[in-house]
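**Q** Once you've had a glance at the structure underneath, I'll fire off some questions.
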Amino acid sequence: MGCTLSAEDKAAVERSKMIDRNLREDGEKAAKEVKLLLLGAGESGKSTIVKQMKIIHEDGYSEEECKQYKVVVYSNTIQSIIAIIRAMGRLKIDFGEPARADDARQLFVLAGSAEEGLMTSELAGVIRRLWRDGGVQACFSRSREYQLNDSASYYLNDLDRISQTNYIPTQQDVLRTRVKTTGIVETHFTFKDLYFKMFDVGGQRSERKKWIHCFEGVTAIIFCVALSDYDLVLAEDEEMNRMHESMKLFDSICNNKWFTDTSIILFLNKKDLFEEKIKRSPLTICYPEYTGSNTYEEAAAYIQCQFEDLNRRKDTKEIYTHFTCATDTKNVQFVFDAVTDVIIKNNLKECGLY
């Protein structure tokens, strides 16, 4: 009897080849879809990373889209100067010039009646005089003692530009805007032949219960930490240090059974603010046991170790750490390029293609 295959055998071989081919195609397709979850405590820079993805991978914000952010820029600017003025009362700081007390009263009147998206020359003048006051600057230098947006000085220092009648926010202005994320914001983009689905989830405690809905099929988690938060307390709990809250949260995510096989990427963000702050505010505020110097390199490395040491599966799970400045497009582009290479490698491994 010869070794020739019967028609049925040939059909079976073809079917087997087709199944193998389909499995491989499915594997390759799965390897090209990336579900990224952006997690972290409130105000750690997650939404800014999402905005950067639009700038880097989706041709940025159109002029029309930038115009829509004018309302937010003005709101952030006004709320920042109001927060400083209110803090002066709590911290018992006097105005450098007594006449500024009248400006402060005028600020509250004008801010209360301001039309959305408009900044009158009268309101801009009041804010400008207040911001230049010595007492206001003294209070601003103590901003760790109250809640103040990171973008406060950025907008207030640029008041002449942003208060022009023909003002259109720049991409950088848009990046600096602060709007609390509620719910889940989904962004899609393509990069390095991969189709990314990025989910930005509100970081305040009240928003975290919504995270569970995003967990299924996650390729990688980008966990954002604001390095500059080491000497601040939470807006929602003034007894809790923000860095301690971030560590607690990272511990629960990093060691969660849901994420045993999920790549964890740690963004130690706001490195620019941290580099300035560490010169005047010691790391021992957050870590009393710290004995190193208050230099950027040593203090940042210590914080990195504090987070990486929370990983209880070091033998099987690697944490990929990057120092970032979410408002710096070039920095984010460079870091995200490296992150994508890690995702590609790990994704192909899981699909048996690496």
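Think of each number as a place in line: the chain as shown, counted from 1.
Just so you know, glycine gets a Cβ as well, placed from its N, Cα and C.
These figures come from a predicted structure and were not determined experimentally.
So Swiss-Prot lists the following for this protein:
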type    : residues                                                           : note
LIPID   : Cys3                                                               : S-palmitoyl cysteine
REGION  : 35-48                                                              : region 'G1 motif'
BINDING : 42-48, 150-151, 175-181, Val201, Gly203, 269-270, 272-273, 325-327 : GTP binding site
BINDING : Ser47, Thr181                                                      : Mg(2+) binding site
REGION  : 173-181                                                            : region 'G2 motif'
REGION  : 196-205                                                            : region 'G3 motif'
REGION  : 265-272                                                            : region 'G4 motif'
REGION  : 324-329                                                            : region 'G5 motif'
**Q** Might you list, by sequence position, any residue in that chain lying six or more from Thr327 (GTP binding site) with a Cβ less than 8 Å away from its Cβ?
**A** Thr48, Gln172, Leu175, Arg176, Asp272
**Q** Could you give the Cα-Cα distance between Arg178 (GTP binding site) and Ser47 (Mg(2+) binding site), in whole Å?
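**A** Answer for this pair: 9 Å between alpha carbons.
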**Q** Take the Cβ of Ser151 (GTP binding site) and count every other Cβ within 10 Å, whichever protein chain it belongs to.
**A** 18
**Q** Can you count the other CB atoms that lie within 10 A of the CB of Val201 (GTP binding site)?
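**A** Cβ-Cβ neighbours of Val201 (GTP binding site) within 10 Å number 20.
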**Q** By a simple count of other Cβ atoms within 10 Å, which of Ser47, Thr181, the binding-site residues in the record, is least packed?
**A** Thr181
**Q** Applying a 10 Å Cβ distance cut-off over all chains shown, what neighbour count does Arg178 (GTP binding site) have?
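**A** Arg178 (GTP binding site): 17 neighbouring Cβ atoms within 10 Å.
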**Q** What is the three-state DSSP composition of the region 'G1 motif' (35-48), stated as helix, strand and coil residue counts?
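**A** Across the region 'G1 motif' (35-48), DSSP assigns the residues as follows: 3 helix, 6 strand, 5 coil.
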**Q** What is the number of other Cβ atoms found within 10 Å of the Cβ of Lys46 (GTP binding site)?
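**A** Looking across every protein chain shown, the total is 26.
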**Q** Taking DSSP as the reference, which of helix, strand or coil describes Asp272 (GTP binding site)?
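**A** Note: Asp272 (GTP binding site) is helical by DSSP.
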**Q** Counting by DSSP, what is the helix, strand and coil composition of the region 'G2 motif' (173-181)?
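**A** So the region 'G2 motif' (173-181) is made up of 4 helix, 0 strand, 5 coil.
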**Q** In whole Å, how far does the CA atom of Thr181 (Mg(2+) binding site) lie from that of Val201 (GTP binding site)?
**A** 7
**Q** Could you tally the C-beta atoms, other than its own, that fall within 10 angstroms of the C-beta of Gly42 (GTP binding site)?
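**A** Here the count is 22.
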